[in-house]
2 protein chains.
Amino acid sequence: MNPATRPHPLHPSTVLVLLFAAAIATGTLLLALPLAQRSGLGGGWLTALFTATSAVCVTGLAVVDTGTHWSLFGQSVILGLIQIGGFGLMTAASLLGMLVNSQLRVRSRLLLQAENRALSLGDVRSVAKLVAVITLTVEALATLALTLRFAFSYDMAWRDAAWHGLFHAVSAFNNAGFSTFPDNVMRFVADGWVLSPLMAAIVIGGLGFPVLHELLLRRRDRVRLSLHSQLTLAGTAVLLLGGALAFANSEWNGTLKSLDAAGRFWGALFTSVSARTAGFNSLDVAAFNTETLLLHDLLMFIGGGSAGTAGGLKVTTAGVLLLAVWCEVRGYRDVEFAGRRLHEGALRQALTVLVLSSAVIGLGTLTLVPLVQHLPGIRYEAVLFEVVSAFATVGLSTGLTPQLPPAGQLLLVGLMFLGRVGIVTLVVALAQQASRRPYRYPEEKPLVG
Amino acid sequence: MNPATRPHPLHPSTVLVLLFAAAIATGTLLLALPLAQRSGLGGGWLTALFTATSAVCVTGLAVVDTGTHWSLFGQSVILGLIQIGGFGLMTAASLLGMLVNSQLRVRSRLLLQAENRALSLGDVRSVAKLVAVITLTVEALATLALTLRFAFSYDMAWRDAAWHGLFHAVSAFNNAGFSTFPDNVMRFVADGWVLSPLMAAIVIGGLGFPVLHELLLRRRDRVRLSLHSQLTLAGTAVLLLGGALAFANSEWNGTLKSLDAAGRFWGALFTSVSARTAGFNSLDVAAFNTETLLLHDLLMFIGGGSAGTAGGLKVTTAGVLLLAVWCEVRGYRDVEFAGRRLHEGALRQALTVLVLSSAVIGLGTLTLVPLVQHLPGIRYEAVLFEVVSAFATVGLSTGLTPQLPPAGQLLLVGLMFLGRVGIVTLVVALAQQASRRPYRYPEEKPLVG
Ligand SMILES: [K+]
Ligand SMILES: [K+]
């Protein structure tokens, strides 16, 4: 890797942080307007800040009910923030990263690492265009499918059906998890006609740019897929299937018990699809048993694909770590997958993301516990769950978030911001960093284990 | 690393496993004798198996009270098993590993990795002799100090004082944590004259062979310490001090509250020293709050020094992982410490130990939970604590172990064995494994984070 290392006036990752912060500030101002709230009263700054952060960071945690607290204007603001915070800002940040360096010598980390190639400005434009096309296409198709179903099978007026359809389509594709229904999507738990478009949008949005780009544009060249795309696709398949089976196993006699076979099938599948980053729930999260909460912690922590709308460690990060273990146990010299060996730097990056994420979640949980100890019947599992959900920008909740005192809400705001911006920024910064030392120390190997 | 890779009739790590199993089987037979139990009745096979495993694996978990259930003969058997399972078996296994390969071309992983040098048979003999000398010296001094204190300040008969002294000295040096007192060492919570010799023996025994060898034999050469020893010593110092401060912070108004300043000092220090692998307790573990239990989980999981009596990941393993993260964040090309760079293989080994240990603990906890759900007031934190304590061969207990049904006891037996033998075997096997593939795949770097 030979990143251009000359100092910039603004590092692209700084620009990214500032963009996110500006979007949240604007969203907070708009949501605090009397116009945004059904009550017609303005203010409620903390609620506005929390909701704006949750929307921009495509998390979906909410301290008030989206459908009843916010006016149509307020809901539109939330929808806009989701779109900006999801695919929109990722593209803008990538573009900005390039424009900052006028010599075009900063290569895009986004595609560089995935393709091992330099990028021209033409590539950048085509990526931006592709993002727009994918986003609008998927969202339009999902909106259409949902609107028709809502109108015909749920007796909604067309206007309502279209608004609910659009809102859920955008929320799903950007993996935001916000819903205009007070019970999220629980009323559709056995309705494949609603859940299928949602799941399709969630999975496509969760794969991330580089994978979609490759699948759409390079497929016709019949080139083999990059290691990144293969890892993401294989990991996603394993997690979706394994998650559904594990969930069915742990909730068969729990939240799935009252459902028929079809309901159990859709319930388990949708929960698995949604758990890693989307954060919709078709079943009652507060009724999950502890094993299910821990399973969710794991799925949320792993998250979805890199450089997209997903949070968490990312599928490739978890994949790189597990591959390294597997290849070590097998005695291979290199970490290998599908006929390629992994760049050594990837393992150290993955480990760094793992350790720092774990530290943030551990400290976040320990900080939140004293803030909720006055609430009756609070379990550690629920506190950990809420922290992982916020940091991995998933948005599932056992019901703790609306009960939080202001300090607890601010903590979650910080965790959502860190989870969405922090990890990306960190990795961008790591990828563009150069070795500072012109010499190397002599090598030694300590005993391990 | 160029390990000799020709196939052996018995791989040294297989020999190690068999030796441990044989020691446990013999111990079980002896402890099931009527002679071993104060009741004079034989049998109680599960209790004998559990106790023998706990002693050989230097864990210290107990389903019966050591001082009242077992006769003097039984206690002597336990003491012998501790000695065999602690330093004794480590030496025997290392020697055997060499003898199996008659060409002496299997280098000792034990010292090879720490010193990056081949070993001659003479070295092996001197190591074995050194082990015996250190063991006997430290145990004799600790026995003397404890016996005097017990006799003069606790009004014990000399015979009793000497037995209690010897038992605790051996138990401490081998980091076993067994005690002949029903309240472990809680009666000495503020007695520095008892706790100091215990702590000295625990820390020395917990550093592991390679470090002791280097400190004693190579000090006079004024050679710089190996990376392994520096990491172990620095990590141990940080963990001891940090653990004591964190413990004092979380239990200041808890189990430390009723103590005076001296009591708080000794209580916090001894708990920190003992928590990582020794498993003695001078305070009531069942009364610890949840933060303290989680702190203990972390300290127990990290454990002590490699190739000694300690369990857990080991200090160097944790150190290697954290150094890798630190150097990655700083943008260094290599993982560096104290003017040396780490062999890349060490990072993958450390990651492997981390991931596999975490998986065992996670699965162990999930398996144990259904077995204890009938017990009143069982918290997940306590189940996790007991599993970590068993797997890291620490032996601290919130009181769950004696309440376990047979299946739960057998699970802990398995965890202790895996924790003591599994990790060592794994690392020996990894270190002696050769790359199986004569060619390397082309390199690619996936996106991470
Ligand atoms: K989400
Ligand atoms: K122990």
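Think of each number as a place in line: the chain as shown, counted from 1.
Glycine residues also receive a Cβ, built from the backbone N, Cα and C atoms like all the rest.
The annotation transmembrane segment is assigned in TrEMBL to A:12-33 (among others).
Here TrEMBL flags A:45-64 (among others) as transmembrane segment. For the transmembrane segment (A:45-64), same-chain residues at least 6 beyond its ends with a Cβ under 8 Å from one of its own Cβ atoms are 20, 23-32, 36, 70, 78, 81-82, 84-86, 89, 171, 174-178, 278-280, 309, 311, 386, 389-390, 393-397, 401-402, 404, 406, 409-410, 412-413, 416-417, 419-421.
Summarising the annotation, TrEMBL assigns transmembrane segment to A:76-100 (among others).
Beyond the ends of the transmembrane segment (A:130-152), by six or more residues, the same chain brings 83, 87, 90-91, 158, 160-162, 164-166, 168-170, 172-173, 191, 193-194, 196-198, 200-201, 204-205, 209, 212-213, 216-217 to within a C-beta distance below 8 angstroms of the stretch. According to TrEMBL, the feature transmembrane segment maps to A:130-152 (among others).
According to TrEMBL, the transmembrane segment annotation covers A:193-213 (among others). Within its own chain, the transmembrane segment (A:193-213) has Cβ neighbours under 8 Å at 86-87, 90-91, 110-111, 114-115, 127, 130-131, 134, 138-139, 141-142, 145-146, 149-150, 153, 168-169, 172-175, 185, 226, 228-229, 232-233, 236, 240, 266, 269-270, 273-274, 276-278, 280, 282, 304-310, counting only residues six or more beyond its boundaries.
Marked as transmembrane segment by TrEMBL: A:225-248 (among others).
The transmembrane segment annotation in TrEMBL covers A:350-371 (among others).
Feature annotation from TrEMBL assigns transmembrane segment to A:410-431 (among others).
With a cut-off of 8 Å between Cβ atoms, the residues of this chain six or more beyond the transmembrane segment (A:350-371) that come close are 301, 312-314, 316-318, 320-321, 324, 380, 383-384, 386-388, 390-391, 404-405, 407-408, 411, 415, 418-419, 422-423, 426-427, 430.
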